[in-house]
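Notes for the one structure printed next.
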Amino acid sequence: MSLQAVLPDTISGLLGLEGILGDVVGGLVGAFLIANIMLIMTAFAGPWAKRKITAAFGDRIAVNRIGPFGLLTIVTDAVRLLSKELIVPEGVDRPAWDLAPMVIPFSALLGFAVIPMGNGIQLADPETGLAFAFAAASIASLGIVMTGYASNNKFSLIGALRAVASNIAYEIPLVVTAASVVIFAGSLRMSEIVAVQAEPLLSVAGVTIPTWFAFVNPFAFALFIIANLAEVGRNPFDIPEAPTEIVAGFQTEYSSVYFVLIYLGEFIHIFLGGAIAATLFLGGPAGPVLPGFVWFTIKIWAFFLFTQWARSAIPRLRVDQFLEIGWKGMLVLSFANLVLTAIIVGVIV
Amino acid sequence: MSLEEQQSDDPAELESGVSRGDELADLLGDLVVGREEHLNAPGLVIRPDEVQDALFKLRDEAGFDHLSCVTAQEYEDRYESIYHLTKFDDRTDEVSVVVPTSKDNPVSQSAEPVFRTADWHEREAYDLVGIQYEDHPDLRRILLPDTWQGHPLGLDYDQDRPQIATLREHANPLEEDHRAGDSNTMYINIGPHHPATHGVLHVETVVDGEQVVDLDSDIGYLHRCEEQMCQQGTYRHQIMPYPDRWDYISAGLLNEWAYARTAEDLADIEVPEYAQIIRTMGAELCRIASHMIALGTFALDVYGDFTAIFMYAMRDREIVQNILEDLTGQRMMFNYFRLGGVVWDLPEPREEFFEKIRDFIDELPQALEEYHDMITSNEILQARTVGTGVLPPEVAKSYGATGPVARGSGIDYDLRRDDSYGYYDELDWDVVVEDGCDNFSRLLVRMREVEESAKIIQQCVDLLEDWPEDERNIQANVPRTLKPEEDTEIYRAVEGAKGELGIYIRADGTDKPARFKIRSPCFSNLQTLPEMSEGEYIPDMIASLGSLDIVLGEVDR
C-alpha cells in the first residue's frame, strides 16, 4: 500500500492534464481542497462544537436557538465577527501587526500539506514529511511573537514572551518523542510511517491489533500528547493567553477579522497537532469498516475533544511551574524514551 | 460630645461601661482629656497629637489588637475621629478612642504606625470629611478622584459646585511607558477592566518580568455615596434597602442584619425569637450563596475559563437563590428585614418550603464532595495555591482582616460566636479555622463554612417546623417614627459573608441619623493584597485577589 498517488496527481489525471501545467493545476486545486476541508472543520469546531462540548462539561445547554442544534450559529457568528470594526490601536508596529494574523493560520494550514488523510488525500509526500510538518507548525510561534511585539501592549508582550518560552521548552520534547517513532519506522516519510503501523502486532480472540505506535510505545504517546497540548496552548498549559492573568495575552489588541484569523489559526493548530499525533501514533487514516478519511476525521476530533476536556477540568499551571515541567520533566523523559527506543530497536533488528 | 464628661442614661450601659472605662482611663492616665459613653463602649477623648501614644498603650498593655473602624465626622464646632478598638480574643471588650480636632486646623496624628489598617481608613476620612492626618504615609484621596473639590461629608460642602475632572488633570497611566531610569521593571495596569478584578478595581502594578514588585489598589470606581444616602433616610424604613446594595453578591440578608442590629440596639428594640430564627436561617442561606460564588470565581481565576467547577458552583447556588426568592420575593435586593423583625412570615405552604430546604441540605454533602474531587484534591490546584499569597496572622490582625480571610490565617474570630446575636448562641455549630495562611486555606475555610451554615439552617428548620402556630410573631412593636435621643452613638457589627460588617450611627434627635458610617470587611481585607503578592508571580497575585473574595460594591460603598 506504499506510495499511493498523491492528491495533485489524481486531480491532474482526472483532468487529463500533464507536465508542468498538470503539476500546477493539480497542486493548486489539491491545496484548495485540503485547506477548505480544514477550514470547514474549524468552522464547526470554533463557534459551535467548542461551545457545545464546554457546555456539556459544565452542565449547560449552549447554543440551540438558530438552526438544528444551533448549527446556524456558525453562520451568524461569521457574519457578526466579520462585520465588527477592526480597531487598530495607535502605536502598533505595522506591517508586522497586520501580517501576524495571517502567519498564524497559514503556518498551521501548511502543515497539512504532508498529512495523509486517507483515501489518497495527501497533498505531497516528501521524504522529510515529518520534519516539514513540525517546521511548518513552528512558524506559528513567529506569528505569536509578531503579535506580541507589534501590539504595543504590555499584556501582549508578556503573552508573547510566555509563548516563546513555552515553545522552546516543549518543542524539543515533542520532536524528540517523534524521533523515537522515526527510529521504529525507519523513515520520515509520512506515508511510510502510516504503512509500518498497518502490520499486525498481535491477535486476540480473532481481533487483530495493528502495530500502532500508541500500542507499541504508550509511554511515548503520553509524552507526545502532553507536549502537544502545550504546543497548541490549551489548559493546563494555556499560559500565553491566560485570560484571567494577562487579559488575552498576545491577542489582546486584535479585533474583528484579525481576531477571527488568529482564532482560526489556533483551532487549525489543534487539528494539526491531532493530525500529527494520529499519523505518528494512531495509524493515520487506518481503521476498520469506515473509509480512511472518516477515521482520520474521528481521530483529529478526538484530540480536539481531549483539549476541550482538559480545558474544562484542569486548572492552569503557573508559568514557572509550567517551564519547570518542560525542562526538568518532559525533556529528560523524552530523551530517556529516545535512547531506550534506540537500544530496543537496535537489539531487535 | 464636648471635652467634659458625659453620662449615658441607660443604667445597664452605665454600669458595665463606666467601670471598664475607668480602668482604661487609669491606664492611659494623662492622655485622657475627657470621657464619653457610647452605647457599645466607653469613649476616651484623646488630644490629636497624642493618638499614637494612646493607641500603642491600648494595644500593647490592654490588648486591644483590632482597630475595627475609623469614623470621621464634622460637628458644628469641631471635627472628630473615632477609633473603634476591640480584641480578636474578646470581641465584646470594646473601647472608642475619640479624637476631636479644631475646625480651622483639622490635623490629627495618624494611627497608621500602630495599626496598618488605619492607612486606608484615614485616607477615607480625609477624602470624605476632610480631616488631615499627620505622619500618615500616603494621605491621598481614596474613593473620589484626585481632582475632586471639597469633602462631601463635611458640613459646608457645596453640592452644586461643578466637578470637572478632566483626563488631562488626572494622572493618565497610559501616557508614558513609566520606565524609571535604567530599571528593568514595567508598570502595568491590572484593571479597571480586567477579567480577574471581580468588578471595577484598578491595581497599579509594577512588575519585574513576571514578578510583582509593587502594587497599589486604586478603588472608588463604584462609590455610590451609600453613607450619605443612609444619612438622608429615616431609621424606620428608608435605610433598610441600602445594605442589600453593598455586598450585592447574594449577601443581602447578612448586610441587612448589620443595620437591623445597630438600629435595634440604638432604639432598644427587642426582636421576637421566632423572627430571629427566620433571620438566622435566611442569613446562613445567603452565606452559602455567597461562598459558592466565591468558590466558583476563585476557581475561575485559577483555571482561567468559565469551566466546569464554576458552573457547578453556580448550579448549586441557584438552588439557594430559589429558596431565598421563595422567602423574600427577591433574588438579589431582598429588603426582607425590618427593625424589630422581618417583613413577612415563611411562605405558604410551609411544608413545601421546608421540604425544599431539606432537599438542598441533603444534597449538599454530595455537591461538596464533587467540589473536593475537582478542586481541593487536584494536584495542580494545590501546586498553585498552597504556600502562595501567604498572610501571617499578625499581619492580618494589623490590617483588620476579618471573616474567612482571617480564619484562613488561623485567627479564631467569628462575630456570630464572639459577639453573639440573632439565634446563633442557641445553635450547635463550629467556627472554621485553618492555619495555612495561604490561598488554599482560605478556599478550604469557605468550603467548610458552607457545611457549618448547612448545619445551622438544618437546626433552624427543625425549630421553625415545630413552632406553635399562635406564637409566630415576626415583628416587635416599633414606633412609627424612630427618634433616638440626641448624641447617642453606637458601633455594632455582624459577621457578614466577607467578614466583620460594622455600622456606626450617631443620632441627633431627628428621625434620620446624623452620621452613618459603614465598616466594610472587603475594604479592610483588600488592603492586605500588597502584603500577599509582592514578590510573587502575576498569576499568584490574581489568585490571592480571588481568595480575598472582595465585592467592589462593598469596598467602595
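Keep in mind that glycine also has a Cβ here, set from the backbone N, Cα and C atoms.
Feature list (source: TrEMBL):
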TRANSMEM  A:24-49  transmembrane segment
TRANSMEM  A:99-118  transmembrane segment
TRANSMEM  A:130-150  transmembrane segment
TRANSMEM  A:170-188  transmembrane segment
TRANSMEM  A:200-227  transmembrane segment
TRANSMEM  A:257-282  transmembrane segment
TRANSMEM  A:289-310  transmembrane segment
TRANSMEM  A:330-348  transmembrane segment
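By the Cβ criterion (distance under 8 Å, sequence gap of 6 or more), the transmembrane segment (A:257-282) is counted as touching the transmembrane segment (A:130-150), at least 3 such pairs being found. The stretch from A:99-118, A:170-188, A:200-227, A:330-348 that makes the most Cβ contacts under 8 Å with the transmembrane segment (A:24-49) is A:99-118.
Here the transmembrane segment (A:170-188) touches the transmembrane segment (A:330-348). Their Cβ atoms form 3 or more pairs under 8 Å, with each pair 6 or more residues apart. Note on the transmembrane segment (A:200-227): residues 170-171, 173-174, 177-178, 180-181, 184, 277, 280-283, 286, 303, 306, 330, 333-334, 337, 341 of its chain, located 6 or more positions outside it, place their CB under 8 angstroms from a CB of the stretch.
Among the listed stretches A:99-118, A:130-150, A:330-348, the one sharing the most Cβ pairs under 8 Å with the transmembrane segment (A:289-310) is A:99-118.
Outside the transmembrane segment (A:99-118), and at least 6 residues removed from its termini, the chain residues within Cβ reach (under 8 Å) are 31, 34-35, 37-38, 124-126, 129-130, 132-133, 136-140, 142-144, 146-147, 150, 190-191, 194, 254, 257-259, 261-262, 264-266, 268-269, 271-272, 275-276, 279, 284-286, 291-296.
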